[in-house]
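Asks: Dropping a structure here in structure tokens format, bear with me for questions.
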Amino acid sequence: MATDSEPGRRRRCCAQDTPDVPKVLDSRGDSDGPRRGSLCDRHCAAINNVQGDLGDMGCHLHRPRVPLAMSTPSCCQQHSEEVCESCVVKTTLTAENAVEANKLSNNYKFGFKKWKSHVTARPWEDRSEIVKELYSDLNVIRGSGGSTLTCGNVLYLLLFGWWLSLLYVLVAAVMFVTIMGAPYGWLCWDLAGYFLWPFGKVIQKVEVPKSHQVCEAGVGESSALLGGPTLCRWHPRCWLGTGYWHHASTAVWLCLGYPVLALAHGLVCVTAWLLIVLIPVAKLSARATSRVLLLPPERVLIRRLRMTEVPLEGEVILCCYRAANPYYYKYAVDGINVFAVNLLPLVLVTLVLGYVDSPNHLTGSAVKFTLALLSIMPLSYYIGMAIASISAQSNFAVGAVVNATFGSITELTFYITALIKGSREGNRCYAEVVKSALTGTLVGCVLFVPGLCMVIGGIRHQEQRFNSRSAGVSSALLFLSVGGVFAPTLFSKVYGKLVCGECHNVTQNPLGHYLCHNCHFDLMDNNGTLYYSHVQPLVYTVSILLPAAYLIGLFFTLKTHTHIYDIHISDCHMPGHHHSAVVHWSRWRALVILLLSTLCMSACADLATEHISPILTNSTISQYFIGVTVLAMVPELPEIVNGIQFALQNNLSLSIEIGNCIAVQVCMLQIPILVLFTIFYPTNFTLVFSDLHVYASMFSVVLMNYIFMDGKCDYFQGTVLVMVYFILLAVYFFAPSPSGC
């Protein structure tokens with residue numbers, strides 16, 4: 001079933017339809033057709049019976065039903081006791097507008113960045129009740145939702161309520177001491193009780209004609225609807241009315257009381273917002289600072305709700321029932337997920353701390369490296385959303401250029417800055433770390449990303465199916481790319497000269513056994529004849545052929561064989577609903593954000609490479625392990641989150657394509673670009689990998705192709721992929737550091 005953020009899908013088995021009359025296999029074809037016992041017919045009928053939920057808008061796709069006898073022979077009628085391979089699964093997607101439809105279509109295009117979140121604002125009436133509650137203001141009185149004694153409310157009391165209430169009591173005492181601020185003192189006294197436990201209470205803005213008229217209304221009036229006394233009580237709020245005393249009281253409040261409380265509420269607001277699940281508390285504090293504390297005391301009324309069937313008199317400013325909501329991970333600000341919003345200040349802190357405190361007086365290199373690496377995550381998110389927004393609002397050519405140009409900008413920025421630093425320092429470790437990061441990205445996207453998506457998606461869905469034909473295209477390109485990338489390595493193993501740094505005679509016999517360390521194949525023997533005459537031309541040839549193969553794959557999937565994906569976008573709406581596309585980011589805004597994020601990414605990558613040297617030299621962990629884990633997978637976290645979200649929506653095809661596309665781009669785009677970069681800026685980077693990288697990559701690709709053969713999977717197969725990935729990580733963890741590091 002589709003959820004609030006994912007359009008529905010409908011699948012059907014293919015039939016050899018004529019252009020004039022569309023024909024669909026009847027769901028009873030397994031009992032009426034000539035081959036009623038065929039497994040193929042049962043398979044197609046099962047697919048045909050799946051009634052996809054076309055989104056939350058209640059749209060339905062009406063397809064004409066043609067009797068089986070009138071239809072032309074289907075592909076399923078030509079096979080017996082096997083599922084026909086030519087049945088292409090057709091998928092119909094629904095979108096609210098043309099921009100969203102373009103984004104959904106781009107998700108299924110090879111080489112385009114897959115993006116889960118909406119790039120346009122969803123209509124309010126199409127959202128679920130859970131999401132509507134996230135964006136609602138705290139001024140709506142709802143029916144009784146049960147007891148207010150919940151874990152989230154108790155957490156508010158322990159974190160904020162007690163000291164915030166105590167602060168209000170102290171400010172009230174100060175206001176009473178000033179005499180003129182006594183009306184605000186009574187207000188703070190009332191608010192102290194409110195903020196100690198604000199749940200089930202309401203703050204109103206009432207209309208008071210004149211101070212003396214209010215006092216004549218009496219004392220101690222109560223309401224049958226709401227508990228608590230009315231506003232007018234015998235205290236200075238009644239007899240300090242308008243005129244000089246009123247203005248003096250306001251001046252005292254704005255000088256002594258309001259700044260302290262505003263600062264406290266600001267601290268509560270920031271802390272609660274960063275905790276995400278306590279965002280209602282952040283809204284509560286922000287509304288109290290901007291509305292409640294700036295009102296005259298006589299216009300603020302605090303009451304406890306007893307029953308809410310009858311509307312309250314006066315404007316409701318605050319009404320809170322729950323301090324925590326676990327669904328706030330879905331919350332977005334202008335289309336940006338709340339996690340990315342919260343991590344954005346981390347980027348500013350990283351840049352300021354990294355370039356201002358260059359001598360490391362405030363923090364060490366380890367802290368700066370960690371901050372720079374964490375800052376890459378939100379920047380990757382902004383780059384991904386900017387690419388998706390521009391592609392969805394542009395034609396195919398512009399979208400293809402943007403995806404090809406900025407699709408791998410995150411990884412390439414880090415790799416190039418690391419190679420430049422290693423070349424300047426004459427340190428080969430940086431080139432080895434880059435090779436480890438490239439291999440780690442390849443292995444992680446082939447094993448860990450699809451495996452994790454299978455496990456999480458398989459927990460919700462017992463068995464998940466995906467488009468094996470499209471996955472086969474990516475698998476073929478992976479085989480080709482891995483063979484091409486590691487061809488120079490295999491060539492050097494065959495023709496290179498084995499050189500060892502240190503050897504010991506174990507048997508004390510000149511003809512006995514020797515134990516050697518730091519062995520490698522020397523390509524520079526005889527003044528580098530082997531490398532410059534044979535290996536280097538092979539590297540350049542491979543670097544030309546791999547991007548060419550990538551372009552052929554794009555032409556194959558996007559031009560000549562688009563039926564592999566066969567995605568149909570249905571633009572349907574509820575009767576009476578006419579929604580226009582309200583994009584979160586316009587093309588120019590997305591372009592500016594894309595360029596700024598790329599610039600910040602370059603700065604963070606520079607800081608990461610600047611402060612990684614002490615970690616590489618002083619750490620007891622192998623440099624291989626640092627490269628294949630931290631440096632490889634941290635920039636891919638936004639893509640992993642997208643893959644998990646697709647898997648939870650039972651759309652495993654996109655989850656698999658996310659990992660496959662990244663792996664293919666590593667081999668067919670990123671590595672050739674690095675080779676091209678070394679031509680213009682000589683570095684220590686050569687396309688000769690260690691044996692561990694070769695074996696890990698090849699084994700991962702073979703295992704992935706074996707798992708994806710049948711076009712269906714479950715959580716067990718995903719567990720196998722994840723476990724193999726962790727085994728390879730253990731191998732890298734215990735492996736000795738590369739030679740020269």
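Quick reminder: no glycine exception, Cβ is built from N, Cα and C everywhere.
From TrEMBL, here are the annotated features:
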REGION    1-36  region 'Disordered'
COMPBIAS  23-36  compositional bias 'Basic and acidic residues'
DOMAIN    151-201  domain 'Inner membrane component'
TRANSMEM  154-187  transmembrane segment
TRANSMEM  336-356  transmembrane segment
TRANSMEM  362-384  transmembrane segment
DOMAIN    367-487  domain 'Sodium/calcium exchanger membrane region'
TRANSMEM  396-417  transmembrane segment
TRANSMEM  437-459  transmembrane segment
TRANSMEM  471-491  transmembrane segment
TRANSMEM  538-558  transmembrane segment
DOMAIN    590-732  domain 'Sodium/calcium exchanger membrane region'
TRANSMEM  590-609  transmembrane segment
TRANSMEM  621-641  transmembrane segment
TRANSMEM  662-681  transmembrane segment
TRANSMEM  687-708  transmembrane segment
TRANSMEM  715-735  transmembrane segment
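How buried are these features, and what lies next to them?
Replies: Using a Cβ-Cβ cut-off under 8 Å and counting only residues 6 or more beyond its ends in the same chain, the transmembrane segment (154-187) has close neighbours at 193, 195-198, 235-237, 240, 245, 248-249, 252-253, 256-257, 260-261, 264-265, 268, 271-272, 278, 281, 296-298, 300, 323-324.
Remote same-chain partners of the transmembrane segment (362-384), defined as residues 6 or more beyond its termini with a Cβ less than 8 Å from a stretch Cβ, comprise 113, 115, 336-337, 339-340, 343-344, 346-347, 349-351, 353-354, 406, 409-410, 414, 593-594, 597-598, 600-601, 604-605, 607-608, 610-615, 630-631, 634-639, 642.
Counting residues per DSSP class in helix, strand and coil order gives 105 helix, 2 strand, 14 coil for the domain 'Sodium/calcium exchanger membrane region' (367-487).
Outside the transmembrane segment (396-417) by six or more residues, the chain places 106, 111-113, 376, 379-380, 383, 386-387, 390, 434, 437-438, 441, 554, 558, 594, 598, 601-602, 605-606, 608-609, 631, 635, 665-666, 669-670, 673-674, 677 with a CB less than 8 A from a CB of the stretch.
Same-chain residues lying 6+ beyond the ends of the transmembrane segment (437-459) with a Cβ under 8 Å from its Cβ atoms: 411, 414-415, 478, 482, 627-629, 631-633, 636, 639-640, 643-644, 646-648, 650, 652, 655-656, 658-660, 662-663, 666-667, 670-671, 689, 693, 696-697, 700-701, 703-704, 713-722, 724-725, 728.
Residues in the domain 'Sodium/calcium exchanger membrane region' (590-732) partition by DSSP class (helix H, G, I; strand E, B; coil) as 117 helix, 2 strand, 24 coil.
Within its own chain, the transmembrane segment (621-641) is flanked in space by residues 114, 116, 373-374, 376-377, 380-381, 384, 410-411, 414, 429, 432-441, 443-445, 448-449, 452, 615, 658, 662, 690, 692, 728-729, 732-738, 741, which lie at least six positions past its ends and keep a Cβ under 8 Å from the stretch.
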Asks: Counting Cβ pairs closer than 8 Å, which of 336-356, 471-491, 590-609, 715-735 has the most of them with the transmembrane segment (538-558)?
Replies: 471-491
Asks: For the transmembrane segment (715-735), I need the partner stretch with the highest count of C-beta pairs below 8 angstroms, choosing only from 336-356, 471-491, 590-609, 662-681, 687-708.
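Replies: Most Cβ pairs under 8 Å with the transmembrane segment (715-735) come from 687-708.
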Asks: Where else in the chain does the transmembrane segment (336-356) make close Cβ contacts, counting only residues six or more beyond its ends and a cut-off under 8 Å?
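Replies: Residues 117, 273-274, 276, 279, 328-329, 362-363, 368, 371-372, 374-375, 377-379, 381-382, 385, 584, 600, 603-604, 607, 610-611 contact the transmembrane segment (336-356) from elsewhere in the chain.
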Asks: Looking at 471-491, 590-609, 662-681, which one has the highest count of Cβ pairs under 8 angstroms to the transmembrane segment (687-708)?
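Replies: Comparing 471-491, 590-609, 662-681: 471-491 has the most Cβ pairs near the transmembrane segment (687-708).
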Asks: Per DSSP, what is the residue count of the domain 'Inner membrane component' (151-201) in each of helix, strand and coil?
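Replies: The composition, in the requested order, is 42 helix, 2 strand, 7 coil.
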Asks: Report, as numbers and ranges, every residue of the chain located at least six residues beyond the transmembrane segment (662-681) whose Cβ falls under 8 Å of a Cβ in that stretch; write 'none' if there are none.
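Replies: Apart from its flanks, the transmembrane segment (662-681) reaches 111, 404, 407-408, 411-412, 415-416, 419-420, 423, 434, 438, 441-442, 445-446, 449, 474, 477-478, 481-482, 484-485, 539-540, 542-544, 546-547, 549-550, 553, 636, 639, 687.
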